[in-house]
Amino acid sequence: MSRRQTLKTLQKLILAPSQHISLSIASNLSVIPSRSMTTTATVPVLPTSIHDGLGKGIAYEKSLPRPVNPFSHRVPGREIITIPKFTLESGVEMRNVPVAYMSWGKLSSKANNVMIICHALSGSADVSDWWGPLLGHGKAFDTDKFFVICMNSLGSPYGTASPVTAKNGDYSEGWYGADFPSTTIRDDVRLHKLALDKLGVRKVAAAIGGSMGGMHVLEWAFFGKDYVRCIVPAATSSHQSAWAIGWGEAQRHAIRSDVKYKNGRYGFDDPPVLGLEAARMTALLTYRSRDSLERRFGRDTGSKKKTQKQESKTLPSNSTPIHSHSGADETPVAFDRADSSFAAQSYLRYQAKKFSNRFDSNCYIALTNKLDTHDLARGRTRTITEALSLIEQPTLVLGIRSDGLYTLAEQEQIARAVPNAKLREIVSDDGHDAFLIEWSQLNWLLIGFLHESLPDIMQRAAL
């Protein structure tokens, strides 16, 4: 088949509504079939690649039907609200913006018993996946009393608009990829507020979240106490520090250094896995403390397979965790250490490989860039202290002394400046990850605070 014939055949395939193929294209053109599409036509055999005069390769791949977002299957049960138009802080207007969410419990007749749970960097809307032991009857996230909801952030691969979703909700425009616009923590919260409006929510009883989720929680507070009654930011910051910005840049650099990254214009069939894995390894070291890793691995060389220990807690039997920071408390797995000298190396390699199977590099860059925009004072006040002083809600700040990423000192700053705040410590030497694994402490601290701040909800009968 000649070059001209090949191009004509491709054009017909793209334009013909009865023929559905997915195109994985290594330049600027990308097309993914919609969720409702099926492969009904006979697709002629195409060459694996053609080259234009500049030598840029374009690969075509016939595939079975798949959803617009190739990662959506990893969060079964999630629902989508579509916002027709949304203008980002940058001024960019997005259209047909999907917002993925999951909810538990019932919305009260007054629509005022909403508990927002905000996920961390690599999380999804499935709270049961990463804070499952806190969710359910009689627990902190009591589904008999609260309408518990978690909404996925912009840039995440798990359902909300991101580099792996269709541009403006239209698969014919291709997916965003590297063209996904810069978004902020405030963008997320404003978008999620629109989603709550669509659900008929009138008032938020509590907003709770850790790490990036804690940043969202602090931004929710600026809707005022008449809309958000109380907040719980955990292991977070009032602004992204130079320390955290530096770690994020090191991770992004690892991804961009992968030869397969191609300035973000890679296909789903051959992503920059090694760069993403290197970024994940770097991040994992910021999520744990030195003492935690030393206690767990030491200088164990494990010349034979050795079973990874669970640290002290177990996940629900039906849990398949994919979104915790370090995977510290997963079901035990065997490490094959034949190709490494130390257990710590096997741990990092295993976690990085697992992460690269369920995350996207452009999404990782988009989300870490989002963290760097976080600054409560931006556009509001001259100083962070002044911005924090504007928060009126009862506030429970949770900090971890061993956290080297978002330090206890940063939590103390928040608690000092917010007029109606108190600081409580999660006691652990596991570092930043403690907010995801010290479930019994979290449950006890949260229930106590909710009884103080929301007695009308906590003391009433189940809905």
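Heads up, the Cβ atoms here are built off N, Cα and C, so glycines get one too.
For 113-436, the entry in Swiss-Prot reads domain 'AB hydrolase-1'. Here Swiss-Prot flags Ser211 as active site, nucleophile, drawing on sequence analysis. Among the features that Swiss-Prot reports, region 'Disordered' is placed at 296-331. What Swiss-Prot lists as compositional bias 'Basic and acidic residues' is 296-312. Under the heading active site, Swiss-Prot lists Asp403, His432.
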Which whole-number value in Å describes the distance between the Cα atoms of His432 (active site) and Ser211 (active site, nucleophile)?
8
How many other Cβ atoms sit within 10 Å of the Cβ of His432 (active site)?
26
Listed in sequence order, residues with CB under 8 A of Asp403 (active site) and six or more positions away:
Ala235, Ser289, Gly431, His432, Ala434
Could you tell me which three-state DSSP class Asp403 (active site) falls into?
coil
